[in-house]
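Database features (TrEMBL):
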TRANSMEM  16-38  transmembrane segment
TRANSMEM  161-183  transmembrane segment
TRANSMEM  189-213  transmembrane segment
TRANSMEM  260-281  transmembrane segment
TRANSMEM  293-316  transmembrane segment
TRANSMEM  337-359  transmembrane segment
TRANSMEM  410-429  transmembrane segment
TRANSMEM  450-471  transmembrane segment
Amino acid sequence: MGRSIWGFWQSVFSTAVLYGSLALFTSILHNVFLLYYVETFVSIYKIDKISFWVGETVFLLWNSLNDPLFGWLSDRAFLSSPQSGSQITSPEVVLKRLKALSTNGPLFALSFLAFWVAWARPGLQFLLCLCLYDGFLTMVDLHHSALLADLAVSAADRTRLNFHCSVFSALGSISVFLSYSVWDKEDFYSFRLFCLTLAAFSIVGFFVVSRLLQQRFNKEIRSKLDEASTLKELSVGFTQIEKPITIGQYLKQLSKHRNFMWFVSMNLIQVFHCHFNNNFFPLFLEHLLSDNISASTGSILLGISYVAPHLNNLYFLTLCQRYGVYQVIRWLFMLKLGLSVVMLLAGADHIYLLCIFIASNRVFTEGTCKLLKLVISDLVDEDYVVNRRQQAASALLFGMVNLLTKPGQTFAPLIGTWLLCVYTGYDIFQRTPMKDSVSASDSGTPPLRLGCFYMLVFVPITCALIQLATWSRFTLHGRKLQGIKTLRQGTQHGSLIDVKAI
């Protein structure tokens, strides 16, 4: 009976749909985390400034180092060149990643719950919760992202997988709408119950979907065993044992990967901007719009800013198929720069234009972030071809990207609070502005509001200018990219998985 039920669900859902659904179980939790963890510790648990900065600094180090560490532990066996002998097949690699997701997914959901109940001193809890949560999130994100490169090579198949991720991530953003209705700093019980419900749903989802996918790829592995054993017999007398590549050798190879270096330079700024928007979105709503819009309008604006990037990404993906990922990302940088300049020239008193800009700024920034996994997957292909890997070390390369770009996640709240304090004298840890922050300027605009406005427009202007400069040096697009994909498909002609056929 049980097997027949599993078989029924396997026949109903394609691999692409099941892969995309994993994004739902992550996004429903992570969106709530990004929106409320700072406010929870600052306003409810009353963490002091020193503990907050110490926690964020330690988190910066752990957040950066755990990605390449987990990636290396996962993919170090794939780094040797396949001169001869047996190779690890793609279905085996996929199954290994699915087993990791089935374990770390539920643990990630449990670590999410640790934020919303006070169980230790605020400073200690802040540090432990951030490190624990990010450790499991890293394992989930690394293996899920690596599957994008392992399941398919062609741009069309990867776009199809990313399309389903965007659909399910959009569904996951519903948690933001719901969270706003239960969020109350004075009565935290309803919000805790809401988070418990989200975590339970995520745990069940990770377990069920990973089981379905594991059963599917177990069949793939069995079908490859006979072929592998035949190839092994034919290669008797010609087997050459390859020495595993050390971490030092791998880093040397990576340092010569020019497209990788230009990409991480651009992506560091992108990660900073995405998390800056997440961390300060409630502050912008409070000080720029709260006196002019109702609470329900603020809730809708907040929800749209989380849902629209995923829906918009569906359109961006169609543009990617037509014009290429490189060109679409370049257009998004130019659009970000143009909208910010227009908003700066218009000023802070145009409320409806301000509403549109605050929402669109986050929509286009997040939309860019969601396209970058496609670029990293292309870098995996280039690394595989140039360094003649036994198997594409996708999780390791995703981890190395995160090592160099995740510091932007920690810099965002630190630099943002510092800029706000320096410019206006407003200290979020004291929750009250300094005297000169409440005095009116000559134009009648409070300095705090003006400071928030300048942060809102100058941060994206600066980010866009730097990103356009670095992105112009990235060359893995057009004919060069197509050549890399052709070479990888030629060397792994028998082991890659047809996403549409499963």
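Glycine is treated like the rest: Cβ placed from N, Cα and C.
Keep in mind that this is a model prediction, so the values were computed, not measured.
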Seg_contact(the transmembrane segment (337-359), the transmembrane segment (161-183)) with at least 3 CB pairs under 8 angstroms, min sep 6: no
Contact check, the transmembrane segment (450-471) vs the transmembrane segment (260-281), 3+ Cβ pairs under 8 Å, seq sep 6+: yes
Listed stretch, out of 16-38, 189-213, 260-281, 410-429, that has the most CB pairs under 8 angstroms to the transmembrane segment (161-183): 16-38
